[in-house]
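A short write-up of the structure that comes next.
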Amino acid sequence: MRLEPKPAPSLGVTLLFPIAAIVVTLLITSLLVLAAGASPFSVFYLVAKGAAGSQFALLETLTRATPLIFTGLAVAVAFRAKLWNIGAEAQLYIGGVVTVVLGTGALPLPSYLLIPIIMIASMAAGALLLLGPAVLKTRFGVDEVVTTLLLNFIVLLFVSMLLEGVLKDPMGLGWPQSSKVIAEAQLPRIIQGKRLHYGFVIAVVAAIIAWIIMKKTVLGYEMRAVGHNPEAASFAGIPVNRVLMKTALLSGGLAALAGFSEVSGLKGNLTLDLSPGYGYSGIVVAMLAMLNPLGVIASAIFVAGIFVGADAMSRTAGVPSYIAQVMVATALLTMVTAILLTRFRVRWR
Amino acid sequence: MAEKLDLHLNKSCKRGRRALPQQPHPAASPPPSPQGGGEAAAPVLRLSGITKRFGPLVANNGISFDLKRGEVIALLGENGAGKTTLMNILFGHYVADEGTVEVFGKQLPAGDPRAALDAGVGMVHQHFTLAENMTVLENIALGTQSAWKLRLDRAAARKRISKLAGDFGLAVNPDATVSTLSVGERQRVEILKALYRDARILILDEPTAVLTPAEADALFRTLKLLVAQGLSIIFISHKLHEVMAVSDRVLVLRSGKLAGEQVTAETSRAELASLMVGQEVASPKVAEPKIGAVALELKSVSAAGQGSSHRLDGLSLELRAGEITGLAGVSGNGQATLAALIAGVLKPASGEVVVQGASMRDWSPRAALGGGVARIPEDRHAVGTIGDMSVTENVIAERYATARFSRRGFLDWKAAKNFAEEIIRDYDVKCPSPDARIRLLSGGNMQKLILGRALDPDPAVILANQPTRGLDVGAVAFVHRRLLEARERGAAILLISEDLEEVLALSDRILVMSKGRLSSPSRRGERTIRELGELMAGHGEGMAA
């Protein structure tokens, strides 16, 4: 078996491949569903219904998509410049820490000042957290995959230390959790009484801004050039290291907004289970979106929908909700294969 | 190259006789050539109606030819004419859409390099495929015995290699590590590798691109010995004089089709050149230079070697306006270091570089560009262009930050596209649109874009590093014309090239670089090719202290 390059496909084919990838994903996972003793049709129907079958389901999916949009964007912009940021999880938690540090009464300000200040401070903290690995990469050639990945564990332990120490809620009955943020630091709900909050709107705006940066600005051009061919970029006079620094700041800042939005919009306080791996799922979201910031919105909603729908499905059909993880993982593999097939032709023998 | 007459193969050799007066060699006792008198023997290789498409592009269109025993066929064609595709099909790397390959009368299964190897087809690629950390012997024997066999039978392998090396003038130490070998030696290892596997048909892809004239001569002598033994050779090249020197027949490919088939003895370089490009090509007419002030000066500059290139020690050089200074030399002797220095990529350890009267302080590509230095890099794929970005994005790469293309951090895509269209028009670039990925362009068109990008701001100094390497005749003529025009406008040009003919044709002043040092300059026509060749090899009079 061998791959031969082929010319750029038409737009129709480009759109057809993701759909084919999803169909193949469903076919593969239906084998597992069958093994679990259920009917694939009813299971997939229940997943779809659980994800989008009612107002409640839809709002829940969008709520779950919010942090995924932020982490997906963080990964998408970094990967575009071939800065392999695997540390969105750590940057998310740092954003959460800053939110509770500033939002639990330390700054007695009205909402319209407090929330922007917290957002900027969170972004700054996340940006600085990724700047370290970026400096190590450009100065000493340290692989950022290793440093950002390991930082995830260091930061999680650091947060654990804070929650057992200075940030521990005195009224929390000994649980490792922070105090609640004050009302002025909370993002309002979009619909009264539902969980969907304005963090989702901020996420969509962030995606649009990221798209504009990538498509229209000098920085976006530099990032793409550095990502495609750093040697040629450097020869042409593009300051490669400086571009990587800026990319790190942008990516870390976006990931930190996920932590801010979860604490300020949804949870109200910081706990060790703030994120069930949103930082890692962000990689899947970004890859499914082919690193396009606007595509990240769609792929984040898709991934969130599978998780939410699978929870609902497992309650009714008795198939473990782990199937969601298999579906997302399979979707990633089929998608990557589909992208490959749009660029290469496979020859058998 | 030095003495072209020498290179013309004694035709009698190729008829299978083993009389080689100029080679007193163990070749005197090879196995009896089975060639005998069978002049009209069946072809050893027959390609019939080979067609290969890549999407809408027809890379090979119904190509048929025969290769006879003991014959050298030259495959001549522009870049993108389909030479490499054809050889990849023959060797089983690609599967043809139509047509068949027969070796010794038996059809080769499509897409099976193993079968091609077993049938006796050997290929020496342009870019060598050797394991650098292993010895010559290990490289040659690699893959010839079962992977389950734990020990290599070194004694037998060594005996066989030294026999082959002796027979064909391929001297190389079997125990040397490949990474310590020169380019010429590596090529000999590649040829030995093919012979070790009993290749009867040898394909050489641009074999002289990396060789000095003396090494190329040695290669041609080896080829002579090989055909005398009844081997058949396909020699891929776009250098006309080599093709004239080594081949019996020339096949000219043009845009995927066989444009012509000529018996070498009955054709001329001009005829082949016009078959290749479909029109007559004239060599550039060079007017008297109008030499002006010093535009760039290196004052006893020392710098660490760039990559595998030699370091520079107290090197001084002046480039004057309106003059082309040609820098000849075998690659690796410090040209890349000098080029990196002038391009602003490398900071010197000591010394001074003065561009248009101002001493350079800031060492970056931007500083060099700002000082009026245009750069044409040696490697247009890896360094000159960003393959996965569009033509537009590539042409603005050196100047995107200027007011012409950006405002307050936002790019002006309209201005960028206009600029790209301007260059496409003025430099006669063939590309589907300014939005096309530059990777899809041929080497010549890519180089035209790089040329346009570099020359558009009307630079005072032009660094042209191997500007025509690997280009076809038409594109070479185009690049030469543009460089001469820039010289007329008063640019100071440094032409770094391993192609001596190019250096001789264009340069007003010639320098030779060897081991990081420059020879004394010679004006146009003062030194012969032979004298330059000696300087390139590091001996001869005239190496400046």
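Keep in mind that glycine also has a Cβ here, set from the backbone N, Cα and C atoms.
These come from TrEMBL:
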TRANSMEM  A:12-36  transmembrane segment
TRANSMEM  A:56-78  transmembrane segment
TRANSMEM  A:90-107  transmembrane segment
TRANSMEM  A:113-136  transmembrane segment
TRANSMEM  A:148-167  transmembrane segment
TRANSMEM  A:196-214  transmembrane segment
TRANSMEM  A:283-310  transmembrane segment
TRANSMEM  A:322-341  transmembrane segment
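The transmembrane segment (A:322-341) makes no contact with the transmembrane segment (A:148-167): fewer than 3 of their CB pairs lie within 8 A, with pairs spaced 6 or more apart in sequence. The stretch from A:12-36, A:90-107, A:196-214, A:283-310 that makes the most Cβ contacts under 8 Å with the transmembrane segment (A:148-167) is A:90-107. The transmembrane segment (A:196-214) makes no contact with the transmembrane segment (A:90-107), as judged by fewer than three Cβ pairs under 8 Å among residues 6 or more apart in sequence.
Tertiary proximity for the transmembrane segment (A:56-78) is limited to same-chain residues at least six positions away from its ends with a CB under 8 Å from its CB atoms, namely 49-50, 84-85, 88-89, 91-92, 130, 191, 194-197, 199-200, 203-204, 206-207, 210, 213-214, 223, 247-248, 250-255, 257-259, 261-262, 265-266, 275, 278-279, 281-283, 285-286, 289, 291-293, 296-297, 299-301, 303-305, 307-309, 312.
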